[in-house]
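Colleague: Below is a structure I'd like to ask you about.
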Amino acid sequence: MDALSAKVMVRHAIWRSLYPDAPWCGHCKALAPEYAKAATDLAEEKSELKLAKVDATEQKDLGEQFQVGGYPTLKLFREGKPIDYNGGRTASEIISWLKKKTGPPANDVKTAVDINMLKEANDVLVIGLFKDQECEPAKIFLQVALEYDDLPFFVSSEDEVFTAVEGNDGQVVLLKKFDEGRNVLKKVETVEDTKKFIFSNSLPLVIEFTHESASKIFGGEVKNHNLLFLSKKADNYDEAFAKFRKAAEQFKSKVIFVTIDTENSDHGRILDFFGVKKADKPQMRMIRLEDEMAKFKPQDETNLDSDVVAEFVQGVLDGTVKQHLLSQDLPEDWNEKPVKVLVSSNFDEIAMDANKDVLVEFYAPWCGHCKQLAPIYDELAEALKDRNDVVVAKMDATANELEHTKINSFPTLKLYKKGTNEIIEFVGERTLAGMKKFIESGGEYGRSPSEEFKEDEENIEDDEHGPRDEL
């Protein structure tokens, strides 16, 4: 391990934990060719940057030493010190991130010709104009530049450059190929204000949700997002987009307006999560990302007149629009089988019955672990069906939401204890004996020691074993 550590932790090397052969790590397989291409491209450039990889199933001590909790994990070792990678998954994004982290936070630009070349090559670029690059505003600008991995930053003291970007000493000019094309921060005062200026102006008024844009949408300071679901093939797409964009103008830096193409097969889970059906007509949802995500739905989601959209968004910001919770209709046969079927409308009545212990499985139809559990759970319900003080139930948590309960992984098993309605999460073995003992012990056996502890659960990926896919 010492020799390997010494080899990996060379100056400007990136260390990567990769499961190339593990069937459950889909992200590792997807990343492998891009990572290899990045290594090849850097070698062809004769770069000092070196890429390496480690199978942390074999090198467990290294995984523990560098706190690898998910796969794949990438870390940059700069002068022996690890830096967590948080860039994109393509070869160009990996290289761009590495060069940003190992080079100056902002490159010096000298001429108007340079500016024209940079404008041609970049959708967005940020230029700090400082005659004295040692002044406090310049230091603030460079500090902000260090925090951005996906935007090119430049700095200049040249009059020719000031003229080319129509800026003055002490200003920050953001040039872009969309919307108004140019924004100016007239005075650099704080890191927070500078970051807010850059974030709010570097995104289009309306941004399409893609793999590449996801980190920009969800990684910023703006936590209110208005989402438009619509097929890009729809006849009314251009009209709907124009109205949506007009509404966005008055919420700049307050709300991010996002379009999601319902024709994209990669967006199926997103549509399910928001209860949106694939259709040509536009459908709108708004989300607020705080400790827990809150979702909102307009009363008439087909009306995309800009003033109607603006009224809905302002209502969410003001707190006058109530949170939207998904709910299925109650099946007529919900009570006919040993496993009772719960939806939002009957959940409290059944689960909160103080005279009964009620075990509820929160599941997702696509979840592999849930499918494996189903026959065992049916067997449990059959074994306990004659108990008047016990109910075994299940609820599709992707189609039904509860204001008082948030489910983040599948399957989740919770016991609603009789007498007190105490809610106890089960993290023991999902066997007939284990779940039965959990109920009979009043939730003492197999209970979760803390809310933070999760064992062998599924998040977004339907993984079968081991740590989660993260990147």
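In case you wondered, yes, glycine gets a Cβ from its N, Cα and C as well.
Sharing the record's features from TrEMBL:
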- 453-464: compositional bias 'Acidic residues' (COMPBIAS)
- Cys25-Cys28: disulfide bond (DISULFID)
- Cys367-Cys370: disulfide bond (DISULFID)
- 1-103: domain 'Thioredoxin' (DOMAIN)
- 303-444: domain 'Thioredoxin' (DOMAIN)
- 441-471: region 'Disordered' (REGION)
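Situate these features within the shown structure.
Modeller: Every protein chain shown contributes to the tally, and the Cβ of Cys367 (disulfide bond) ends up with 18 other Cβ atoms within 10 Å. In the three-state DSSP scheme, Cys367 (disulfide bond) falls into the coil class.
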Colleague: Could you give me the DSSP helix, strand and coil counts for the domain 'Thioredoxin' (303-444)?
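Modeller: DSSP classes over the domain 'Thioredoxin' (303-444) add up to 47 helix, 27 strand, 68 coil.
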Colleague: Determine the Cβ neighbour count for Cys370 (disulfide bond): the number of other Cβ atoms within 10 Å of its Cβ.
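Modeller: Cys370 (disulfide bond) is surrounded by 22 other Cβ atoms within 10 Å.
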Colleague: Could you give the mean pLDDT over the domain 'Thioredoxin' (1-103), rounded to a whole number?
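Modeller: That stretch averages a pLDDT of 72.
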